[in-house]
């Protein structure tokens, strides 16, 4: 009690001496003890004397939440809005207060004051409207500071690419007593990179009188590369801090010549041109306040060294002066001296633990350094001082999103938009967070709300574009991109996003055009360079591809994610040089699996640093040497009747591989690849089956005459007929050939082609169609084959639900529970067995509904394996797919994996061989050539059984799903059955196989929709021969790149 009285006495003395900063500290202390409405208003008044208007508004809002009839709060809040140039907001606040005053009339002085304020405000509104009309072509920008700076023209334009740290963005907010802000009537957009696929985004939405939108791209080690533009020439070359209602700010510098189509005018901002010094007296305390304001002005101008010098002088007199510490810490932050900034914010907290702004600032600086836990702790502490602060909730929500705590981000940003329904930044980041956890409908609503609040909000449109692209809705994604370019035709990120989308749709030539525009705007954009190189690579323009790969390799980069692209550029350049050397050779000699060093392929698949590869692996010759054998020949590019017929048929057939599920974007190039592969497989298998059927007839005839079997002829490898056979390898080592054919004598039923030969045809097409995908046979890698390297497909990553595969989550979880119940154990990371048979663990597992439920029972990271019932050996079961559950910092990694160890390979090879023999036997006997659908039932079932084992085998580094369905269609076509329907919506054929233990269950599941869509047709036999029509690698590349857009 005595201490409170002494503090109030001290408060009165400080106010009498006009020492507002120290008075605020006393009020902070009093409010931490008891939240008295009058103390909140008193602090708002002190803030107003320091012209810290945004803090006035905050305190008035708090007071009005406690007592909506408090007239003093309406008066102070309205004055603060007016000082900020928000004239209409001021008028609205005063009108609300006046209505309360009329009803209660307890304070006639305040009633009259409100009446006078309203009268003046309404008169000024008419004048302002006239000024707005006069300034519609461009608004003036004025900084609130002690020095007068006037723009050379009515508006200014700035661009800046700045990073606050090597690994992350820094978003900061204004100090309690050192408000850093810009007064402006202009609206500006600030753009920077936005991520593709699994990349994170953050945004700082800064607003004073105008609106400052920042479009940021944050990778796992995020960055800030922003660009601020307006409609005229710069009025100053110094950096500025753009302040917002959430008190966040950013640095904007470097002149630009781009126009921004969003201009709001306001003459009210002119009132803030000069810093008010009328109250300055000769007392030391006022001098400190004045110097604080001067320091703030220097920060506003981007003169950080000058600002630090001013704050240093204040801190020499009082080393623990919190306001000066916060101001200097802010200047340090903008100089990217984040450790120094954090040190100052920490000292400010030690000096005044109630300085909520210092907690907030330190949290943001820590977030910039990647210290996510500490950053969240600081922002949470700041919320203790302002429990209903939409600004801090907004800040913490973005930090939570950035560090992939999506659930917490949704909670914070949802609370934020309830308090601030016009916070467009919060809405768009809420959309990002909701999308990450699979709440797609709510995510779309949040993104749409953001663009409804501001139709020119580029960041929200960009986020919405990526949202639709992730869901494979190309139509809506393109509409969003068109909207962005109407707002700002020079927005590089829009061209990057559209190039990425077009690449995903298989329209590589169109993608190159957009990526070239993006690179004309941002020459060092490694994402655009790598993507354009891959497009040139795919369409056979190897010179341009190598040039872009080299440029990407020469860039100085600032994040691990971008460095990975550089590593990939090294590998892709080598593949491009290899492909160029094969351009005029027969396509069967294009043999990545046989020709490329296993160590190179292993590092390529794993995206490892190429240092060891450079030292140990043979490098491809230069492009000039690679092309010495001849450039792409005219006959390869020329369109003939045979080519046209094949391409039309291929486009029709290839569309059938498309999954109708979220995340699977239709791709013209992949469809054409699939169609050509299906036809070639059908043609090659038909020849093999014809030979096998002739042998069957001869065998039967011979058996009837001599009552004995005749040995089959040895296999003859014909490279021109069997792409992928032993004759296709150019490797000097017999071990590197892609042929797996068995040449010893065998009983009837074995084809002249092995199952590996059949699938290798599809693999080769898949490799050439999208060269950026490392599609290779896993057993042709180096050591990794022995260590069990294989495919890894996540359903959940942390808290993120993978859009393509999460729909299979519940079935996968149920399968895992079934396996645990059957086996009563799982394996830990060390492959040691974990017993689940005791303490009621199995019963708990059976009732589990989530990853956390199961993990709680098991108690550690684990994996289990499904099983496959053998067809070749009755009663035998062998390992199918592994299901893994790992605990992450936030959430879980729940995935399926298929490690291809030598023992597993041997088992599946035997099963695939038996399945292939069974298929050949089913068709090449009496059923051969039949057009009776019912007679072909055993053939259809045999094809599906082999497909079941392929999907559980997963013998490729990637691409097994597409290759499996392509071969399935080719086998059906070879048996005169053409699939004329589509894969049902939501159905993923590979997952159907993986989540079944028995091939017959898979057959029953797929036949329900597949068989009714099969038509017996023989017209495919009239198609020109694929291997002779597209004989060379160059002709294949041209065919895949020549579809009519």
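Every residue gets a Cβ built from N, Cα and C, even glycine.
Summarising the annotation, TrEMBL assigns region 'Disordered' to 134-192 (among others).
TrEMBL lists 135-155 (among others) with the feature compositional bias 'Low complexity'.
Look at TrEMBL and you will find 178-192 tagged as compositional bias 'Basic and acidic residues'.
The repeat 'TPR' annotation in TrEMBL covers 288-321 (among others).
What TrEMBL records for 322-355 (among others) is repeat 'TPR'. For the repeat 'TPR' (322-355), the number of residues in each DSSP class (helix H, G, I; strand E, B; coil) is 27 helix, 0 strand, 7 coil.
According to TrEMBL, the repeat 'TPR' annotation covers 356-389 (among others).
What TrEMBL lists as repeat 'TPR' is 390-423 (among others).
The annotation repeat 'TPR' is assigned in TrEMBL to 424-457 (among others).
Over the repeat 'TPR' (492-525), the average per-residue pLDDT in this prediction is 96. The repeat 'TPR' annotation in TrEMBL covers 492-525 (among others).
Residues or ranges marked as repeat 'TPR' by TrEMBL: 526-559 (among others).
The feature region 'Disordered' is assigned by TrEMBL to 700-742 (among others).
Among the features that TrEMBL reports, compositional bias 'Basic residues' is placed at 703-714.
Annotated compositional bias 'Low complexity' per TrEMBL: 729-742 (among others), in sequence order.
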For a three-state summary based on DSSP, what are the helix, strand and coil counts in the repeat 'TPR' (288-321)? 27 helix, 0 strand, 7 coil
Helix, strand and coil counts within the repeat 'TPR' (492-525) (DSSP): 27 helix, 0 strand, 7 coil
Its residues classified by DSSP, the repeat 'TPR' (390-423) shows 27 helix, 0 strand, 7 coil
From the DSSP assignment alone, can you count helix, strand and coil residues within the repeat 'TPR' (526-559)? 27 helix, 0 strand, 7 coil
